[in-house]
């Protein structure tokens, strides 16, 4: 031992050193290599590091974990700690999520698995146990189907992003447990039909986006129970007709977009036309594609005399649902047998401002008002450092000495020159 150091450990200096050792904070898990960690709230940020797997030895106290823009291929049980509130894994190479991966993340509120182009299927129990999950992002993957109970038990879910997948069909009661869901994004898929009970259970739904699919038919009861829906997008599909009863089930509807569909303005259009005569909504144009003499006209501006040659409409009791011997064409409002199917249209992305017709009344909310808080997923997946995730939280501190360390270390600094 150096003579100077021996003198430092004797007398008053030894007491000072003891105070210093007692004031040292307990040892905590280190931050994973190439990651950045913050203490308040406990955050680990590891985005854009070309990781092929989730880093080992994540601090168990982590509440926010950002792993987006890496090369992670699979997720296994035991990888994540139970204190996680936010988990971002978008823009990776995920192809497999093993059963039980998220089972013990009972505090998790946001899970982003979007923009994983190799994620083609999910196990039925993938999200089991996530009872506090509020936001689930599965956009821009390659999902062609979803298990019937994939969302079972997600009773707190409010935002569900399923856009830009390859979904061909949605099972009845797929969303039955999502009583608190307010936003459902299904645009940019390959859906062809909306069945009778596909949206059953979504009593809190406010916004439903179905544009850019291949829809040819909507069951007359498909929207039954969506009493709070204010925004419905059905543009850029292959709809030639739409049952008026389907829209009559939407008493809170504010904004409706039906443009870029091959609308048939013959007798099949009368239920939809009749609904428009009663409804007060902000709507896009509904341009007629057939018959030739009405091509280019707006379905909403047709007159009662345009339907004089049509058979009288079948009366329907309020709240009744057609069943039994009714033809599926009538239930879905599609063309009768023998009519040529409409070609699926390409994804319609950017509507012109004049596409919406304003409601009556100067104080009515605009569509932009409703979308003010919506963060587009298209831009999010391209960010390498989204929002505050890449910055230290406002209340976090850098390498600043705690109050318990300042006095002992100051004592050592003052004594050291006299003993060395």
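Using the three backbone atoms N, Cα and C, a Cβ is placed for every residue, glycine included.
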Swiss-Prot annotation, N-linked glycosylation site - which of 93, 325: 93
Stretch carrying region 'Important for interaction with MAG' according to Swiss-Prot (options 250-262, 263-275, 315-327): 315-327
Record-annotated N-linked glycosylation site (source Swiss-Prot) among candidates 180, 236: 236
DSSP-assigned states of the compositional bias 'Basic and acidic residues' (294-306) in counts, ordered helix, strand, coil: 7 helix, 1 strand, 5 coil
Reported mean pLDDT - the domain 'LRRNT' (31-60): 96
